[in-house]
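A.B. asks: According to TrEMBL, the feature domain 'Novel STAND NTPase 1' maps to 31-94. As annotated by TrEMBL, repeat 'ANK' applies to 195-227, 228-249, 293-325, 326-358, 359-391, 392-424, 425-457, 458-490, 491-523.
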Amino acid sequence: MRHLVTTVSLASGPSPHLLNCPESHPAALDAPHLVEVLRRFRLLYCPAPGELRLSHQAVVEQWQRANTWYAEDREHHAELAQLQIEAERWAQNTAEFRTGLLEKRSLYIDKIENLWASRREDSEFLPVEYMRACLVAFFDPEGCPGSEVTLQGKGRLGDALWIGDAGLVAAFMARIDSLPNAQQLQLINYENPESNSTPLFSAAAFGDGNVVRWLLQLGAKADHVRQDGQTPLHLAAFTDNIETAKELFIAWSHTGTGPGTWAPMVTACLEGHEAFVRLLLEAQAEPNLATDDGWTALMAAAQNGHEAVVRLLLQAQAEPNLATDDGWTALIVAVYDGHEAVVRLLLQAQAEPNLATAGGWTALIVDAYDGHEAVVRLLLQAQAEPNLATDDGWTALMAAAQNGHEAVVRLLLQAQAELNLAAADGWTALMAAAQNGHEAVVRLLLQALADPNQATADGWTALILAAENGHEAVVRLLLQAQADPNLADAEGWTALILAAGNGHEAVVRLLLQAQAEPNLADAEGWTALMFALSYGHAE
């Protein structure tokens with residue numbers, strides 16, 4: 001029984017086989033019968049298709065998994081056991097309300113809350129009833145008036161909502177309902193010392209409409225702004241909690257925002273929460289509300305390609321040509337990630353295709369760089385100007401050529417993009433394509449009569465750039481287009497010198513066949529041969 005049983009595929013079908021057992025051995029010859037007997041008595045199990053193991057192995061493997069889980073969770077169980085011991089000891093002294101004991105008890109409650117929140121997904125392994133009773137028992141705002149510990153206790157309602165246990169929340173709600181109104185107001189509007197959050201923030205993010213309604217009915221402040229400038233409505237917008245949002249709207253119709261923060265409208269649009277945005281618009285929310293740096297709800301929706309939300313905003317008269325402080329419009333934001341449907345909607349709403357960012361990047365340049373052919377076509381159909389340039393002089397054609405976007409280059413050439421425009425550093429579209437070895441783009445540009453001998457202020461030509469990087473096919477195309485192989489840059493480096501120095505044998509051969517002069521030297525007198533030998537390219 002020491003042999004591991006498996007199955008092998010034969011012409012007659014799958015057959016049992018004993019591993020580590022000679023085929024002539026009687027046990028191997030009797031394997032089919034042996035397997036049948038073992039299966040009948042449930043002494044085999046199948047951990048994977050085609051594999052059979054003795055059942056004692058299953059027990060061992062299951063025990064190993066269980067032991068691993070136990071080892072990983074041992075610290076958790078030890079902590080709970082220690083908390084239980086401490087709780088029983090503290091329970092004997094709580095009637096005295098000594099400050100030291102209460103402070104210890106506060107730390108104990110903190111441990112329970114943190115443990116519960118961190119193990120929310122597998123709370124069946126926790127003593128939930130015991131933990132709930134501890135938290136409710138500590139929530140005693142009348143226990144020690146004016147003490148720091150009691151002030152901490154006031155914040156437990158928000159903690160309960162954060163934990164998200166329905167029974168715990170219900171117990172806290174019942175406890176608060178039994179208090180005088182003045183105490184209720186203190187508890188439901190208690191501000192966390194670190195963030196200034198109130199329980200309404202936790203309810204908006206993790207609770208439900210019933211809890212939010214209960215808090216508002218007791219006098220919770222719907223317009224409270226915490227330290228980061230957000231309100232409960234911001235959290236409802238982020239989580240797409242429509243029921244919560246409706247309750248907040250009933251209590252507070254203002255949908256604005258504090259300094260340096262995003263309005264709930266912008267947050268909902270960024271997340272693509274269509275129903276939430278519709279609710280805001282029906283409540284007369286301002287569609288053109290912007291953050292302090294100029295971002296609008298329309299930009300937020302356009303950025304992430306939320307077509308339905310963009311349509312809602314445009315129908316509500318959102319302005320498509322508003323720009324951020326650095327010049328980004330909703331259209332530029334949309335083309336950045338190639339959101340074709342959103343771009344179409346914005347253009348239909350009269351978005352201006354030739355507006356540019358602070359650096360001079362138009363929607364067409366941005367999209368040509370990224371290579372979204374369909375979006376480029378839409379922009380050109382909307383009269384986007386193909387020859388506008390960035391502050392550095394880069395055009396859409398240069399951007400597309402640099403990244404090898406053949407289809408986009410073809411569209412731009414058909415739209416009369418200027419072939420030989422040079423950027424501030426003298427680079428042309430042909431140079432950008434040649435440097436990166438984009439053969440198809442180089443061919444397109446040469447067919448459109450791009451000048452192969454145009455040079456930068458430092459004397460770099462498309463041929464020199466292609467030769468330096470060893471792009472054999474591009475070098476061949478440029479030579480066929482009458483590129484001069486003997487032009488040199490400001491340092492005297494020719495295409496041959498750079499190809500030889502970098503060991504590009506095939507390129508060197510092409511250049512020599514095109515009558516490149518092997519004895520030309522750079523400004524320091526170095527020839528192609530010297531560079532080749534210096535860098536170890538003797539071949």
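These residue numbers are counts, starting from 1, taken along the chain as shown.
The backbone N, Cα and C atoms fix where each Cβ goes, and this holds for glycine too.
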A.B. asks: Quick one: mean pLDDT on the repeat 'ANK' (392-424)?
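C.D. replies: Value for the repeat 'ANK' (392-424), mean pLDDT as a whole number: 97.
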A.B. asks: Apart from its near flanks, which chain residues at least 6 from the ends of the repeat 'ANK' (359-391) lie with a Cβ under 8 angstroms of it?
C.D. replies: 326-327, 329, 331-332, 335-340, 343-344, 347, 353, 397, 399-400, 402-403, 405, 407-408, 411-412, 415-418, 421, 423
A.B. asks: Determine how many residues of the repeat 'ANK' (491-523) DSSP places in helix, in strand and in coil.
C.D. replies: 16 helix, 2 strand, 15 coil
A.B. asks: Looking only at the repeat 'ANK' (392-424), what are its DSSP counts of helix, strand and coil residues?
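C.D. replies: Split into helix, strand and coil, the repeat 'ANK' (392-424) gives 16 helix, 1 strand, 16 coil.
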